[in-house]
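Features of the protein shown, as given by Swiss-Prot:
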BINDING   46  NADP(+) binding site
BINDING   123, 124, 125, 241, 242, 281, 296, 297, 298, 299, 300, 322  FMN binding site
C-alpha cells in the first residue's frame, strides 16, 4: 500500500532515480491559506548537501503543486504535487545491480516482486520521504488553524544522549541537536563513523503541543479501539525507512516501573506529570504528545561486506554513492511531518464523534 491516513489521505509515488516523485493529499478542507514559505522551509530542513553530517546529494526539492489550490487557498479537492529528481547518479549503483546490499530492502523486494530498481534503492529509498515532508507542511497549515504545533530534534546519537531539550536550539543546529552541551560530542561520534567508512544510529524526539503558552492540546483525538492515536502514530513512524522502534511517553521504561511510579496523578488544574506522553485510552488527553523514534545505523556503509548475488552466489559488496552517515538527523524532520499528518487526520476524524458537531456544521447552512 502507498497510502497513509483515513480522512486526510496521502498517496505517494515515484522512485529515487526516476524523473519525479509525487503525492496526492486527499481530504484537505477548503479555505486553508497555502503558506509557500512554510512549505519551502520544511523542504530545506530535510534537504541534503547542507553539511558534512548528512548526504552530499542535494536536490532542489521545489514542490510543484498541480491541483487542489486556487488563488493560494485549498479548494477541498485533492492536492497533487511533484518534486523533480535532478541530481541522481545511477552509475554509482552499476556494480551492485545483481547483488543484495546487506540490511537493505534489495533482498525482500526482489523475492516479492521478482524485479527491483537497483538505482538508489528505487521505491524503497528514503528519497520518497521528501513527499511526506511536503504533505506534512500542508498538514501543519491545517493544524495551525486550531493551534497545534509539531516540532522535533535529536536526543541521541549512538550512546550520546541529550540531557536537556531545547527545540529552538534544534532548529539552528546542523544535526538538529536538542542539547547544546551534548552537540559537539554527538557530532564527533558521526565524524568518527565517517572516518571509519561506517554509520551510526540515533533517536529523534517528536513533540506536539499547543501553539499558545499555558493552553492544552485538544482532548479526544483518536479513537478507543481500532484508530488509537498512539497506534496510528507508531504505524506512521514504523512505516518510514530505518525506524526500528517507537516510544510514546515513557515507552520502554514503563515496563520497569510500578503503577505508583508511572501513573499520571491529577488535581483540579489537570495532570501532574506526563508519563503517558499525552495519550490515554488511545486518545489525546490534552498534554503534550511525546514520541521517541529509534533509527538503525544507515545500512549503506563504505566497508567491504559479505553478501550474495541474485543467483545465490557468495560475493563481496563494496558500495559507492552518497549516503547519510546518520539517518536519524534528516529522519527527525520526516517524523515531525508524519506526526503532523496523523494529528491532522485525527482532527478530521473527530468531527464525527458527536452529533453536536454535525448539527453545528449543518445548522449553519
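Using N, Cα and C of the backbone, Cβ positions are placed for all residues, glycine too.
Overall, the recorded FMN-binding residues 123, 124, 125, 241, 242, 281, 296, 297, 298, 299, 300, 322 cover a maximum inter-Cα distance of 43 Å. Residue 123 (FMN binding site) sits 18 Å from residue 46 (NADP(+) binding site), counting Cα to Cα. It is 16 Å from the Cα atom of residue 298 (FMN binding site) to that of the residue listed as 'NADP(+) binding site'.
For the pair residue 125 (FMN binding site) and residue 46 (NADP(+) binding site), the Cα-Cα distance reads 14 Å.
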